[in-house]
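Right, one structure below, let's go through it.
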Amino acid sequence: MSSSPTPAPETASAGAPSSPAATTPDGVGPVAGDQPGRPGTTPAAADRWGLLLGVAAFFIWGGMPLFFPLLEPAGALEIIAHRVVWSLVFCVVLLAASRSFRDYVRVLRTPRTLGVLTLASLFILCNWTTYVYGVLTDRVLDAALGYFINPLLTVLLGVLVLRERLRPVQWVAIGFGAAAVVVISTGVGGLPWIALTLACSFGVYSLLKNRVGRTVGALPGLAVETTVAAPLALAYLGWLTAQGQSTFAAHGTGHVLLLMASGIITGLPLLLFSGAARRLPLSVVGMLQYLGPALQFAFGVLVFHEHMPAARWAGFGLVWVALVLLTVDGARQARATRLAAR
């Protein structure tokens, strides 16, 4: 997804692990200023508007398997290169229009933050490339699986990297997720490497974004990440042109506009999600994150008619059980925390 598809989930302290961070297919979680609710609006109005924005964002991310095939005959690498370049253009235009260009410049002038976002950029490039490759090679279901298991991997990274202590239900959920990978691998005769690559790259990306905390907004963050990646993307596009292999100007105006639109497809849901995160409780945002992979799963089965043997159904079923356990446990923990704070 995103693909797409982003993020600074708040770090839980050791010994008090949070529920899975609400992240998007581009790794975006609540960022600076993206607090639930909005001054000047009633809670009900804020929730309705926030829910609309959130659903719209995840519908775009979930619908990306329908968009990327339109960019053929461009290959995955050419698509990603254009996505980087046009995302940067889109971000710069919006930053200038919103008079928040100084936030972008501030990040570029902060060595530590720039270093973390540079590393994050490498992982999101890996994620985007794997996702587009999966879609173009008729493995949309593997891509959906990757984003379904990402919350489980996020919890596991909390143990391995942040030294968090998990609750028993969280360990059970991770066990179900591991069992799902084993079942699918055994049934289809190989590891679901696309799903695992998406989950791992996105999990590490989210962890890195976590390191910069709430100091970098969603739009400036994406602008910096694409700025870092732009020289590599432009170099690759230049090489394709020199080799006579570029599809950009070789397939009509429609193809040009679609490649340019990849920047809007990347940035628009990010802005919608940012607006939703300011208006909705984090628990609701966390539930919305399953909408994207659910749509991808539906497209994989109903639109692309990908093969669903019994082992794959069983594997997805195990993952869904794990996510239900994780979600219910997170809701209970959040309720207990609220009651304790009274």
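Placed from the backbone N, Cα and C atoms, the Cβ positions cover glycine too.
Sequence annotations record features per position, and here TrEMBL assigns compositional bias 'Low complexity' to 1-25.
Among the features that TrEMBL reports, domain 'EamA' is placed at 49-186 (among others). Within the model, the domain 'EamA' (49-186) shows a mean pLDDT value of 92, rounded to a whole number.
Per TrEMBL, domain 'EamA' is recorded for 194-327 (among others).
According to TrEMBL, the feature region 'Disordered' maps to 1-42.
Annotation source TrEMBL lists transmembrane segment at 49-68 (among others).
Per TrEMBL, the feature transmembrane segment maps to 80-101 (among others).
Annotation comment: TrEMBL describes 113-133 (among others) as transmembrane segment.
The transmembrane segment annotation in TrEMBL covers 145-162 (among others).
As annotated by TrEMBL, transmembrane segment applies to 169-185 (among others). Nonlocal intrachain contacts for the transmembrane segment (169-185), taken as residues 6+ away from its ends with a CB within less than 8 angstroms of a stretch CB, comprise 17, 145, 149, 152-153, 155-156, 191-192, 196, 311-312, 314-319, 321-323, 325-326, 328-329.
Positions annotated as transmembrane segment by TrEMBL: 191-208 (among others).
According to TrEMBL, the transmembrane segment annotation covers 220-242 (among others).
The annotation transmembrane segment is assigned in TrEMBL to 254-273 (among others).
If you look up TrEMBL, you'll see 280-304 (among others) marked as transmembrane segment.
The annotation transmembrane segment is assigned in TrEMBL to 310-328 (among others). Among residues of the same chain six or more beyond the transmembrane segment (310-328), those with a C-beta under 8 A of the stretch's C-beta atoms are 19-20, 141, 145, 148-149, 151-152, 155, 169-170, 172-177, 179-181, 183-184, 186-188, 286-287, 290, 297.
In summary, the transmembrane segment (49-68) does not lie against the transmembrane segment (220-242): fewer than three C-beta pairs, each 6 or more positions apart in sequence, are under 8 Å.
In this chain, the transmembrane segment (280-304) lies out of contact with the transmembrane segment (113-133); the count of Cβ pairs under 8 Å, excluding pairs fewer than 6 apart in sequence, is fewer than 3. As a quick check, the transmembrane segment (220-242) and the transmembrane segment (145-162) miss the bar of 3 or more Cβ pairs under 8 A, pairs 6 or more apart, so the two do not touch.
Here the transmembrane segment (254-273) does not touch the transmembrane segment (145-162). Their Cβ atoms form fewer than 3 pairs under 8 Å, with each pair 6 or more residues apart.
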